[in-house]
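Listed in TrEMBL:
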type	residues	note
TRANSMEM	A:12-36	transmembrane segment
DOMAIN	A:66-277	domain 'ABC transmembrane type-1'
TRANSMEM	A:70-89	transmembrane segment
TRANSMEM	A:101-123	transmembrane segment
TRANSMEM	A:149-175	transmembrane segment
TRANSMEM	A:196-218	transmembrane segment
TRANSMEM	A:259-280	transmembrane segment
Amino acid sequence: MEKTVNQKAWFLVLPVLLLVAFSAVIPLMTVVNYSVQDTFGNNQFFWAGLEWFEEMLRSERMWDALGRQLMFSGIILAIEIPLGIFVALNMPKSGFWSSFCLVLMSLPLLIPWNVVGTIWQIFGRVDIGLLGYTLDALGINYNYTQDILAAWVTIIVMDVWHWTSLVALLAFAGLKSIPDAYYQAAKIDQASRWKVFRFIELPKMMGVLMIAILLRFMDSFMIYTEPFVVTGGGPGNATTLLSIDLVKMALGQFDLGPAAAFSIMYFLVILLISWVFYTVMTNLDKREG
Amino acid sequence: MAKITLDNLAHSYLPNPRSEDDFALKELNHDWDDGAAYALLGSSGCGKSTLLNIISGLLHPSQGRILFDGKDVTRAPTAERNIAQVFQFPVVYDTMTVHDNLAFPLRNRGRDEAYVAERVQEIARMIGMEDMLKKKARGLTADAKQKISLGRGMVRKDVNALLFDEPLTVIDPHMKWELRTQLKKLHHDFGHTMIYVTHDQTEALTFADKVVVMYDGRVVQIGTPEELFERPEHTFVGYFIGSPGMNVIPARIDGNKAYVNGSYVQLARGYGALDGKVEIGVRPEFARLSQTEGLPVKVRRVEDVGRHKIIRAEFFGTDINIIAGEDDRISADMNRVTFDAAHVNVYANDWRVQGEAA
Ligand SMILES: Nc1ncnc2c1ncn2[C@@H]1O[C@H](COP(=O)(O)OP(=O)(O)OP(=O)(O)O)[C@@H](O)[C@H]1O
Ligand SMILES: [Mg+2]
């Protein structure tokens, strides 16, 4: 059939354009707007150019927060990805127990962020929390409001508890898609368990793992609620991750200009890292192919 | 290399099979002779892959025993049985090179690299992939993958048996012929016991010393290609082997005559009283059109397939096929058919009945 060209079809896209404009583009432009202006109150703004950006780039505070943020994302990825794979490998492949595990593992994913924070905040308290109390009773010095290490361990364990399931579920989906014949061939070829993992399971999971890593990276890089509820960014600034710092700056100190510049750079960093990661992974994929 | 004995073997995929229908593989007793080449033929779902998987130990049978040279291996794992198997679904290790794929079974058994390199070269030459050895297996075409899969099956020399599950399905006809020749040569050189599953009867008949025909979870006949052709033990064998398959015509048997709708067909042997569904089977090759002799037949269509002609006809309400020579003249007044009495078989409930010399 001959396809007719009808430019009116563009009107069908219009509602989406409008929605995106109101939900993303306009708010983003307000941020851009603030980032290049200064104010002394009274709703009077002055052109400030790139001053805020320069200030933020020179600000030690931002670099420290970025360092902590990278460390946090790095640690949780290093734990959640291997742990998720390990869990997926050891889950029952079918039957009642498989469904049971799936449901059980989905539970943490369904809990709202601030509730997760609250759960761990209470769980870890030395006076009334089961974890904190037990550790204390065992003679381990654990107090996440004063001890930097304890605070870090708490927010990392919390994130691992909350999100390892996601990695495990994705990895499990990848594993389930492997035809039986691969395992049979591996048995005939007398491949060891490690080789089965290395040459069959891992390659077949690569696609979903890439998605898992990207999702977990972006999400953890933007994390706010959970650590904020537990530690409030403390002790001191020890767990002040990027977005916690941003909120402190924007709402606590009402430094809209620097905060806006900060947000834009924050956004660009996430975009950049995700892009680099994605390109590297897909190139690896192609080179192997 | 070993003789493989199946003793009372049966398998059901259900945990608690109740009736015979629940068995994917029905009770089976058979010796696979050491060093023989078998073709396993049968329609889809008749249990061919199940049987191979039981022999290689990927599947444990619900009943019966498997013996290798008299030694019970029913519970032995795959690794101990030392069997090479090529699967219906071609398996390649995507992230490895073609070379590493072929070397994989040898390296896993700790063979030294010099030997591995030599074997891989040899196999690569057999499957025609010498110039692709350095390529990654991912992204190769389906037929290249199938060749690698086949190559991995052939790379070990010391196996007890080689099991092939339709290894050449997506390979083009010329290469197929080539690979089949290679397999035959391999068999000739090393004398492995080989079982070769296929849907393709020409493949089966050219490859094997013995053809095993399976139907609905049961081995219905084991024999040389000639035996399968001349004396199909089951109507399925008659129908499945040959092209077109054997004509099966409902009949009533009385002594050495088969009555079809009041008229009779002469038989070479005499038969006693038969129960159940009684039929005669005669191959299209042993039926002949005629103007004067035999029973009336309604010719529908004549197909010229090159080497011979196939006549599609109706015989007392049953569709039959008749084969005539390439140069035979078929005229419109040829409306009778005769059957070669020596080649008319009698079947009761689908199984052949051995008659007595008349
Ligand atoms: N893993 C399994 N679980 C349950 N039933 C199975 C399983 N594998 C096969 N079957 C059943 O067992 C029967 C025999 O299957 P099998 O795969 O052995 O047939 P096949 O002869 O190899 O067929 P094909 O020519 O299609 O490969 C079929 O009815 C099939 O549905
Ligand atoms: Mg099969």
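Just so it is clear, glycine is given a Cβ too, placed from its N, Cα and C backbone atoms.
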Contact set, same chain, for the transmembrane segment (A:101-123): CB under 8 Å, 6 or more residues outside the stretch: 87, 91-92, 129-132, 154-155, 157-158, 161-163, 165-166, 168-169, 172, 224-230
Dominant neighbour of the transmembrane segment (A:70-89) in A:12-36, A:196-218, A:259-280, by Cβ pairs under 8 Å: A:196-218
Distal contacts, the transmembrane segment (A:149-175) - CB-CB under 8 A, six or more residues away: 72, 75-76, 79-81, 83-85, 87-89, 91, 93, 102, 105-109, 111, 116-117, 120, 124, 141-143, 201, 204-205, 207-209, 211-212, 215-216, 219-220, 223, 226-227, 230-231, 234-235, 238-239
Same-chain residue ranges lying at least 6 outside the transmembrane segment (A:12-36) that approach it to Cβ under 8 Å: 47-50, 52-53, 256-257, 259-261, 263-264
Other parts of the chain folded back onto the transmembrane segment (A:196-218), taken as Cβ under 8 Å at six or more residues beyond its ends: 73, 76-77, 80-81, 84-85, 89, 163, 166-167, 170-171, 173-175, 177-178, 182-183, 186, 270, 273-274, 277-278, 281, 285
